[in-house]
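Written below as structure tokens is the structure these notes are about.
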Amino acid sequence: MIDLCILGTTGGMPMVNKYLSATLININGRKILIDCGEGTQVAMREIGWGFKSIDLICITHSHGDHIIGLPGLLSTMGNSGRTEKVIIVGPKGIKEIVNGLNIINPYLPYELEVVELENNDLKFIIDKNNMFLCEDNDKCNLILSSLEVEHSAKCLSYSFYIKRRPRFSVEKASKNNVPKLLWSKLQNQEIINYNNKIYTPDLVLDNARKGIKISYVTDTRPISILPQFIKYSDLFICEGTYGSDEDIDKAIKNKHMTFRESATLAKKGECNELILTHFSPALSAPENFLNNAKEIFHNSIVAHDGLIKTLKFKD
């Protein structure tokens with residue numbers, strides 16, 4: 001089961017009743033934060049999910065409304081008892097920016113690893129204690145994909161594919177004469193040499209099951225490659241900076257999207273659900289423009305600060 005919270009929904013500047021755009025994903029207690037604008041810590045305190053278990057921070061780009069809250073958050077994570085490595089990913093140039101922001105945090109009690117991405121994937125193992133980078137596609141249970149998009153600064157969209165472990169098959173294990181004492185390790189994708197014989201996970205596991213895909217797109221025009229990048233997303237979180245179709249010229253000029261453009265991406269990408277977020281500060285009532293999205297992609301909703309969604313694996 002995966003829980004996701006839209007921490008903030010506004011872009012540009014924080015508002016009295018809205019925090020800057022940020023999203024927190026909770027996968028069995030381990031957390032991924034997407035963007036960290038001013039006020040993100042306060043939004044996190046309101047939902048009560050804690051700070052210590054944030055293992056991965058994904059920054060879309062270097063504009064202040066998406067990153068200026070990072071130094072304070074990293075400090076709070078340390079004060080919360082975090083000692084395990086934290087991984088920050090972002091577009092090219094993010095290392096220099098994070099190092100500059102983090103001058104005020106010279107004594108963090110954990111290692112900080114900053115990874116610059118450029119249209120590539122990272123694989124992770126998520127266990128009950130942390131999240132680790134992994135090279136082995138069979139052992140990893142999270143694949144993070146990135147795509148450079150069209151904005152006034154280098155900006156990435158992200159896709160998260162949470163893999164689902166294949167079912168253990170007693171029938172298959174018995175048929176292949178696998179000793180019972182090896183079942184648990186094989187179920188955990190280990191390869192075992194036992195009594196001079198090699199046992200592999202495929203001897204006890206059924207075929208792979210469908211995982212969950214979450215895609216996150218913000219601060220961009222609807223470039224042609226995006227529908228393929230978000231293809232078959234169970235949940236597509238997308239900027240809707242402008243609600244009105246009449247604001248299309250502003251969207252083009254400022255390299256953002258209207259609700260209708262975001263919904264068109266969701267339709268082309270054959271997504272299951274669209275959540276619109278990152279609203280212009282001038283858009284005080286985004287729900288009034290929801291029909292502009294629904295006319296294109298019916299399963300569209302307007303996010304509000306603190307919106308929580310739960311995604312479950314399908315049998």
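Cβ atoms are placed via backbone N, Cα and C, with glycine included.
As recorded in TrEMBL:
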| type | residues | note |
| --- | --- | --- |
| ACT_SITE | Asp65 | active site, proton acceptor |
| BINDING | His61, His63, His151, Asp219 | Zn(2+) 1 binding site |
| BINDING | Asp65, His66, Asp219, His278 | Zn(2+) 2 binding site |
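Structure with TrEMBL features highlighted.
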residue : record                       : Cβ neighbours (10 Å)
His61   : Zn(2+) 1 binding site        : 24
His63   : Zn(2+) 1 binding site        : 18
Asp65   : active site, proton acceptor : 23
His66   : Zn(2+) 2 binding site        : 27
His151  : Zn(2+) 1 binding site        : 19
Asp219  : Zn(2+) 1 binding site        : 27
His278  : Zn(2+) 2 binding site        : 30
Cβ within 8 Å of the mean position of the Cβ atoms of His61, His63, His151, Asp219: remaining residues of the chain near Zn(2+) 1: Thr60, Ser62, His66, Ser152, Ala153, Lys154, Cys155, Thr218, Thr220, Lys255
Cβ-centroid neighbours of Zn(2+) 2 site Asp65, His66, Asp219, His278, 8 Å, sequence order: Gly11, Gly12, Leu20, Ser21, Asp35, Gly37, Thr60, His61, His63, Thr218, Glu239
Collapsed DSSP category at Asp65 (active site, proton acceptor): helix
Between His61 (Zn(2+) 1 binding site) and His278 (Zn(2+) 2 binding site), the C-alpha gap once rounded to whole angstrom: 14
